Amino acid sequence: MSVKLRVLTWLSVACGAVLVLTQPVSVETERVFGLSALAAMAGVWIFMRGALARQLFIGLGVFIVARYFVWRVTETLPPASDPVGLFFGLILLAAEAYCVLIFAISLTVNVDPLKRKDLPRDPDQDLPTVDVFIPTYNETRDIIAVTVAAAKSMDYPAEKLKVYLLDDGGTDQKCNDENPEKAAAARERRAEFQKLCKEMGATYLTRARNLHAKAGNLNAGLKHSFGEIVVVFDADHAPFRAFLRETVGHFLRDEKLFLVQTPHVFLNPDPVEKNLRTFHEMPSENEMFYSTTQRGLDKWNGSFFCGSAALLRRSALEEAGGFSGVTITEDCETAFHLHGRGWTSVFVDKPLIAGLQPETFSSFIGQRSRWCQGMIQLMLLKNPFFAKGLQPMQRLAYLSSMTFWLFPFPRLIFMLAPLLYIFYDVKIFVANVEEAIAYTAIYIVANMMMQNYLYGSLRWPWVSEIYEYVQGVFLFRAIISTVMAPRKPTFNVTAKGETLDHDFLSELSWPFFLIWGFLVAGEGMAIWRYIYDPDANSLMLVVGLWTAFNLVIAGAALGAVSERRQPDRYPRLGIERQGALEVNGELHPVIVKNVSAGGCAFAFADEAPYRFGVGAPVARLHIKPLPGSPMPAHAISLPLCINRGGPGPDGLYGAAFGDLGAGGYFALAELMYGDSEALPRFLMSRRRHKNLFAGTARVMLWGLREPFRALRYAIWPSKERDEAPAPSPAPNPGGRVDVDAAYASEISAALLRQTLDLAAARMAREAPRKKGEAA
């Protein structure tokens, strides 16, 4: 087909589409068209598969959305004779236009998410040298030690791997602080981490001043290292053993590749998940971004650096002058610069690190405010439309990522707009019930069907609305301040690893009570006016239903800001590892079911030999190495204190780790991060498709139930509980046993192998039964 014929064909299709979309029809005809299109979408969803089905489904949905928006623009705005109504009506229309535009950009970027194939294992002699950067500021020793041990334990030639701890909490500036207590704490921290790094074979680096926050810290690390590839892990992001083997090979196949990014996966729930209790049954909010959006960006060479769990080519960083630090999102800014210089990026959709999220709602908002301000800064200071070197789809990809963070404005407009009509009779949306059903209701259903079709296993219905609302209440101020002074925002470190020993209302909860109260009053007024006000018409019914929906979202949000108790400091990861428990010189085969940085839970492979008392004599847990593990069996040994004398409701015994020491952290890293399939198993266990009806029912339940819990927290706050001291091991008569040689000097290797084999045999016997139960 010639170019002229192709252009003519597309023009003809476009003209036909415009004609169809703008064709005026009666309300009854529009309702029939809309319902027929919804029925066709349902038929495609149920009976068709493949790329053609996906395109047809999206095409039908886009047709409904376009018909609705044409109607909104041409038929529903208040007349010019009502300037107040027209003013607020245009604001509402602008909010809807933003949502339609973002949805269109998202569909374009994510039309065909890229799924990369696994790479073959490369010979060791071909692999590049790698420097691992672990920037830290205020994280605790336990968190950092586990991450350093996991990084050192990655499957990679030892002579080509160096690990650096970049400590911004122990800089000269911190050590010489005017506050003597802060200065002393910084000097103590520096000495502690210098010793830790020496014991673990890592390199400790700090700098004179805390300039340019994380970007400055990383650039300081670049000056003192020489590896061809730089890997960045946040201090609370521990890698699994296979991380480098799954990622480094991409650099050998593309000389212009500057970035390989992997997903961020978290062991603990964010505050919304924790407070609504969804973490173990619903996909996390960030999963849609990493499993769909980043893959969509990858299709157009637009996947960007997310600050951690990533590999970057040193020569590319040096060409760009290091990590960018103009905005407070140095990660995306760095990728933006290098994409503009012609470098390429890759997204590997494999969960290869496990991290921590903020535990409290206030910390969560602080983190999201930084992300929001950084992306708005990037849009204002380095607009992708005018940046040099970017391809058209890269510009669209970056524009999508930046403009997404404007969502607080439409979200709050949608939440509060109906109150204008209920209380002040300001008409901002002119339509009757029949028109609202024929256009608005069908548009909403089509929109939700498309989201559920594309992202249903990663994002349940209406969950986005809850997340956007709880963030939007605070982020709109962050956006305004950034627009007013784009260079003013500063980098704030997010607090993590916190414990919550009682239930309480977040200090940020009061705006949500205020908005919920207004909506309750508005809904009551709407019902009263619809029944008793002779001037109220069918529009009041439409506005009342709109307010009822907002009330459900606002009610669920009250649950999100009602902090539930979370006493566990260390989140757990479910695993299946064979081992042996040594107590009083006896070995008992066990299966470790979950593990954290502070302890583990296990089941005996056979009948429990006896009940343990809390604070039992020092026990040791020996773990059978996985195939390919560099650690000998006698080294994978951890001191335990049994803190659950008998099995709990789950049939597991609980234990806390004793003093691990440097060698113990390596054993813990092998136990927790040695099996790279542990994290995918956890993610897949909760990736269940939730249909529109079930998802809507769940959100309605939250909207009705959670306000009562929030009011209970407000009226009868729970008392703070005294923090129970961590169980400590009983004294060891023989002194502290070094993990490195613990087992070799105490019991025979043959007996250990025999015990581990018993555990393996037990697991093998249980496998057919479990498979039958699953079936």
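Every residue, even glycine, has its Cβ placed from backbone N, Cα and C.
What TrEMBL records for 55-74 (among others) is transmembrane segment. Non-local neighbours of the transmembrane segment (55-74) in the same chain are 20-22, 30, 33-34, 37-38, 40-41, 44-45, 48, 93, 96-97, 100, 103-104, 107, 111, 435, 439-440, 442-443, 446-447, 449-450, 453-454; each lies 6+ residues outside the stretch with a CB under 8 Å from one of its CB atoms.
For 86-111 (among others), the entry in TrEMBL reads transmembrane segment.
Feature annotation from TrEMBL assigns domain 'Glycosyltransferase 2-like' to 132-319.
Taken from TrEMBL, the feature transmembrane segment applies to 396-424 (among others). Among residues of the same chain six or more beyond the transmembrane segment (396-424), those with a C-beta under 8 A of the stretch's C-beta atoms are 88, 91-92, 95-96, 98-99, 101-102, 105-106, 108-109, 297, 300, 302, 304, 332, 336, 371-372, 375-376, 378-379, 384-385, 390, 465, 468-469, 471-473, 475-476, 479, 515, 518-519, 522, 525-526, 529, 539-540, 543-544, 546-547, 550, 553-554.
Here the transmembrane segment (436-454) has long-range neighbours at 27-28, 30-31, 34-35, 37-38, 41-42, 45, 57-58, 60-61, 64-65, 67-68, 71-72, 103, 110, 292, 461, 464, 542, 689-692, 695, meaning same-chain residues at least 6 beyond its ends whose C-beta is under 8 angstroms from one of its own. Marked as transmembrane segment by TrEMBL: 436-454 (among others).
Residues or ranges marked as transmembrane segment by TrEMBL: 510-532 (among others).
Feature annotation from TrEMBL assigns transmembrane segment to 539-561 (among others). Sequence-remote contacts of a segment are chain residues at least 6 beyond its ends whose Cβ falls under 8 Å from one of its Cβ atoms, and for the transmembrane segment (539-561) they are 271-272, 275-276, 361, 414-415, 418-419, 421-422, 427, 429-433, 436, 440, 462, 465-466, 469-470, 505-506, 508-509, 512-513, 515-516, 519-520, 522-523, 526-527, 529-530, 533, 699-700, 702-707, 709-710.
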**Item:** Same-chain residue ranges lying at least 6 outside the transmembrane segment (510-532) that approach it to Cβ under 8 Å
**Value:** 415-416, 418-419, 422-423, 470, 473-474, 540-541, 543-544, 547-548, 550-551, 554-555, 557-558, 561, 707, 710, 714
**Message:** Taking only the residues in the domain 'Glycosyltransferase 2-like' (132-319), give me the average pLDDT of this model.
**Reply:** 95
